[in-house]
Amino acid sequence: MAEKNSTISSNKMIGTDEVGVGDFFGPLVVVACYLDETKISNLSVFKKIKDSKQLSNESIMKIFEEIQKHVKYSVVMIDNLKYNNIYNKVKNSHVLKALGHNGALLDLIKNNPELEDTNIVIDEFVNKNKYFEYLKQWEKNIVSKNVNLVTKAESKFLAVACASIIARAYFLNAIATLQKDLRLSLPLGAGNEVKELVRDYKKNHPDKVESFIKMHFKDN
């Protein structure tokens, strides 16, 4: 279970996290998740939660099915075609992540306006100044109130850990759908075996690869 962090009140919090940033195949998925810990303290499923990277895919899906009934969340899924188009403009994957986090927060607060004053914790991928600098360059509507960027936030805040679980579940479902539609194997990660497969796909499916590969990743 995620540990408590004493410097930021976490009883009622929005946490955000992203999945897919280190995978050649599949979308970038960002989730903003609101959690009221006072209402879930007796639910055993929340005691099992830790960062999604430490859980099996099967555990992710089981926990997701249980926790989604008890949290409010929004999902931004940047599919590969959109990801590649945006990256070609911004030339920085951190900008894509910033846009995703901000987009998920905008959606969550728009659909739940009572959350506007809630503490927000983003799993830190850049410092706070850079985060807002990226957003100001590319986005007009920015959630800036009560925003905190915290390193390893998924291990410190339950709301962020939940966001990580939900994002992973959506990512895994997206990969499964892509594999079915394309009739291709799309393993996770960016290791040497994956790179070999990427090179093969670029050679044999040049008209399709932008729809399922993050093209700026180096495959050599």
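Using the three backbone atoms N, Cα and C, a Cβ is placed for every residue, glycine included.
For 11-220, the entry in TrEMBL reads domain 'RNase H type-2'.
Among the features that TrEMBL reports, divalent metal cation binding site is placed at Asp17, Glu18, Asp123. Using a 10 Å Cβ-Cβ cutoff, Glu18 (divalent metal cation binding site) registers 24 neighbours. DSSP gives Glu18 (divalent metal cation binding site) a strand state.
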Near Asp17 (divalent metal cation binding site), which residues of its own chain have a C-beta under 8 A away, given they sit six or more steps off in sequence?
Val30, Val31, Ile122, Asp123, Ala153, Glu154, Val160, Ala163, Ser164, Ala167
Looking only at the domain 'RNase H type-2' (11-220), what is the model's average confidence as pLDDT?
94
Near the divalent metal cation site, what residues other than Asp17, Glu18, Asp123 in the same chain have a C-beta no further than 8 Å from the centroid of the listed C-beta atoms?
Thr16, Val19, Val30, Val31, Lys97, His101, Ile122, Phe125, Ala153, Glu154, Val160, Ala163, Ser164, Ala167
